[in-house]
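Okay, so here's the structure we're looking at.
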């Protein structure tokens, strides 16, 4: 019987030992002053016989305890049974107090778990709604790890070999990651939200107000980013409706310049509508305990109505929020540049590009999408979902479909860990393939969790049009994720550290051979997801993980296992996906050339960016970099110092220390009297108010300028 197994409370398997049962019975007997060695052994043997007779190969620990209780209750010493049950109850309580679940809950209540509190720079863990969400996340994560996910997937996650993203939401809940909302379909056809039947809007002000409500509802039903794709074109009909109202009123009142009057009013109404939308987004709290992580894609509209929306979005962002004109973190703005439309002087929308440059120099956003490169890399044009997740091309009935599609989730690989474990390159790729197998298994659990989900769990998504469909309450939602309509992504982190650990022969930027080695690793990952797509029919994609929290977590776990290793674990963070080491001093053009090879391989998610000094008075320099990027990368972001001190009036770059941010002029570090804005990964954060985790803070501190 030595091979008979016991399934412990954490799901692990141990060898059955009858002596442990006998010892527990002895303790219970001793507690009620009964000394009967034969009795204890006899009950132990009876328990063992029943286990071996009725169970094949293994038994759950709780089943064993139930059998022991039944045998004791039927014995000549029922008081021993009572003592055993009380003893077990006390042990259960003590065990519960020592459990990881209890420790994490206490860390939240006592505000002592810094890792949890600073995990997401968009969540203010000091306020009750966020704490409630974090508490739910702790429980959901615990349940998923113990009752839903396969044991080997959980172990790989716990060890830091992979990272199962957003475990605090899915797979406990049948939720997905990020999406492009079908705003056009919802507004044009109407929909129901809560108790209200929403009809098509009759003005741009109403359209933006409804858009804000849609964003809040959608963001509460998913755990990733919410993107409104081509918002300037989607909302342009409502600008026209408002304009026609103003024309009609002018005619009714015999206004001399009817068109001039209507144009003046619609410009004001459009500006106010998007100002309200920006304020709504930044004052809303979703049920996820955070401001909606929302992205607006715009810039391709050519009508005067679309141009007016583009101008309103950018002018409102330049103006800022509130009396101090603070830089808003959301919505993330993504402006599209296209040859013949707005790239060069003489293009009809070149003036909008100039406004976008001014805005980026003052507010960091907008990031830019280079139209031709987005099409080349992803197969069609669309904005990113959230900060960097991109969908591939997909058609229905001969028409390209983008809006209403989504990403089902991400599992990321710890590449530096594999390099640290490997003796040579051959060993690295052998282990990488093993980790790829477990990552695929983990990703398939995301698909499986959604297979029998009914539309009624998220009416806004599946019944009212956000996902581009109007299913009935009892219809399964899995059908809309198949055949490439939704993506599901393999992520990765730390190409820089992986190359250092594996080859230890200099900086990847300076060595052409090392560059090829880094590209080869990502190509290997890209080939793997293509195979998975053929095997399953689902649109697996390779995603360059933003790693806001992961840069810290993976490095921390690897330091614990391997120690401090120069060039790998010594910084306290891992470099974001394929990005150039943040400490490497190069110009923005060379940085673009270094990174441009990766997005075509990792077409499911990417961004490139540059670090700049204050360039508000040198927009030509920024435009030159934007233009250089056009034929090289699909997606580019501008990081520039825009911090403000409300004590002394300083504007520029605050000093970044391991403990926070300090005004270089007056030393002010009061978070209520400063505005500090930094790019976290693909999106911005306000680390003065909501601190980064230790690894991300260190990474931000080490960033050097590229111009």
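From the backbone N, Cα and C atoms, a Cβ is placed for every residue, glycine too.
Quantities reported herein were computed from a predicted structural model and do not represent experimental measurements.
Neighbour list (residue 645 (Zn(2+) binding site), Cβ cut-off 8 Å, at least 6 residues apart, same chain): 651, 654, 663, 665, 666, 668, 673, 674. What Swiss-Prot records for 645, 648, 663, 666 is Zn(2+) binding site, and it gives similarity to another entry as the kind of evidence.
What Swiss-Prot lists as domain 'ATP-cone' is 4-95.
What Swiss-Prot lists as domain 'Glycine radical' is 584-707, and the listing cites sequence analysis.
Feature annotation from Swiss-Prot assigns glycine radical to 682; the stated evidence is sequence analysis. In three-state terms derived from DSSP, residue 682 (glycine radical) belongs to neither a helical nor a strand segment and is classed as coil.
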*Can you tell me the three-state DSSP label for residue 666 (Zn(2+) binding site)?*
coil
*Would you mind reading off the Cα separation of residue 682 (glycine radical) from residue 648 (Zn(2+) binding site), to the nearest angstrom?*
31
_Cβ packing number for residue 648 (Zn(2+) binding site), 10 Å threshold_ = 13
*Considering the binding-site residues 663, 666, which residue's Cβ sits among the greatest number of other Cβ atoms within 10 Å?*
663
*For the domain 'ATP-cone' (4-95), residues assigned helix / strand / coil by DSSP*: 63 helix, 9 strand, 20 coil
*So how many other Cβ atoms are close to residue 682 (glycine radical), meaning within 10 Å of its Cβ?*
25
*Structural state census, the domain 'Glycine radical' (584-707) (DSSP three-state)*: 35 helix, 27 strand, 62 coil
_With an 8 Å cut-off on Cβ distance to the 645, 648, 663, 666 Cβ center, who else from the chain surrounds the Zn(2+) site?_
647, 649, 650, 664, 665, 667, 668, 674
